[in-house]
Amino acid sequence: MSDSAFSLREFTRQLPKAELHLHIEGTLEPDLIFKLAQRNHITLPYPDQASLHAAYQFTDLQSFLDLYYAGAGVLITEQDFFDMTWAYFLRAQADGIVHAEIMFDPQTHTARGVAMETVFAGLARAARQAKSELGISSYFILSFLRHLSEADAFATLEAALPLREQYADLWIAIGLDSSEKGNPPAKFEKIYARCRELEFRLVAHAGEEGPASYVRDALQLLKVERIDHGVRSQDDPALMQYLIDHAISLTVCPLSNIKLKVFDSLDEHNLKHLLDRGLNVCVNSDDPAYFGGYLLDNYMQTAQALNLQASDLRTLAANSLRSSFLPKAQQQAWLNKLENVPSND
Ligand code: HPA
Ligand code: ZN
């Protein structure tokens, strides 16, 4: 690694950053999958970690989701959910993340007989420990699986609501993930209206594999504040202008987009174009155990491929803080620290 590459990485590491698009089940590394499988007496269809890892050759979103849901099948106990989440926070600390907004997919677990309480308890114990021991704050985004029905989403919300008070410091938002094509935002209009009445913050995946019209519908029908991915917005000039005018945040995940073939290669990614057009974009890792890099790797590999400068990286990090659900005063405190990180240029 050259000196300048090293110093740009160290500069980026030092920037206070928020990670806003992270599926906690997507942080399960092969070694932890094997450890939990053994602990829970589950037989995996792979003889060892290397052969599991070798299967991470995705052709599209669905080919990834099939493995991702299978991997999550080793999570049974509160300790399992804690171990997965704590491992993420340690990596987040190493990358200079100061705040994380973490998606989780309860339906993946409750469908296997895991209690909603078990999921919440394990995630929350890790999040509270991360706050006190690592100084990293976090919120949870309970995400509905869009390949399932809206009725299933309502049942999931009903199962989770009794826990709201106990986890009010963490569970503040609702998301929508899984197979995008054929599952448009309109399918979830009623549940989003209900979650809005309940005063949850709202986000949704849109415009990853699905068309730009899904981004528009997520904003107009679901009334989300932030779009996860959204890179396909570029296909619709009027939508692009709307995103600029309203400073809508897009939580972009460059390495994910390459692994799932949304773009052919990182140097063809449109992040720099979106940034230069004045869109409120930030960088995130999505499912880092599957896509080959945590947050800092996403920043650095993208910087290399798109020739991002220190000023671009600072803007991306600032966008992540401003687009978070942290109170404005806390955002500003981190932004002040961010402005004081020295760069070489
Ligand atoms: N897209 C949709 N659903 C997901 C993803 C993603 O990138 N990761 C985990 N669930
Ligand atoms: Zn995602």
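Cβ atoms are placed via backbone N, Cα and C, with glycine included.
Predicted automatically and left uncurated, TrEMBL annotations should be read as such.
TrEMBL annotations:
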ACT_SITE  Glu208  active site, proton donor
BINDING   His21, His23, His205, Asp286  Zn(2+) binding site
BINDING   Asp287  substrate binding site
DOMAIN    16-339  domain 'Adenosine deaminase'
SITE      His229  site 'Important for catalytic activity'
Rounded mean pLDDT for the residues that make up the domain 'Adenosine deaminase' (16-339): 98
Distance, His229 (site 'Important for catalytic activity') to His23 (Zn(2+) binding site) (CA atoms, angstrom): 13
Other CB atoms within 10 A, centred on Glu208 (active site, proton donor): 24
Distance [Cα-Cα, Å, rounded] between Asp287 (substrate binding site) and His21 (Zn(2+) binding site): 9
Cβ-based isolation winner (fewest other Cβ atoms within 10 Å) among the binding-site residues Asp286, Asp287: Asp287
Cβ-based isolation winner (fewest other Cβ atoms within 10 Å) among the recorded positions His205, His229: His229
Cα-proximity to the residue listed as 'active site, proton donor', 10 Å cut-off, over recorded positions His21, His229, Asp286: His229
Any further residue of that chain within 8 Å (Cβ to the Cβ centroid of His21, His23, His205, Asp286) of the recorded Zn(2+) site: Leu22, Gly26, Met103, Asp177, Asp228, His229, Thr251, Cys253, Ser256, Asn284, Asp287
Cβ under 6 Å from ligand 2: qualifying recorded positions of Glu208, His229, Asp286, Asp287: Asp286
Cα-Cα distance linking His229 (site 'Important for catalytic activity') and Asp286 (Zn(2+) binding site), given in Å to the nearest integer: 9
Assigned element (helix, strand, coil) containing Asp287 (substrate binding site), judged by DSSP: coil
Distance, His229 (site 'Important for catalytic activity') to His21 (Zn(2+) binding site) (CA atoms, angstrom): 8
Sparsest Cβ surroundings (other CB atoms within 10 Å) among the binding-site residues His21, His23: His23
For His205 (Zn(2+) binding site), the three-state class that DSSP assigns: strand
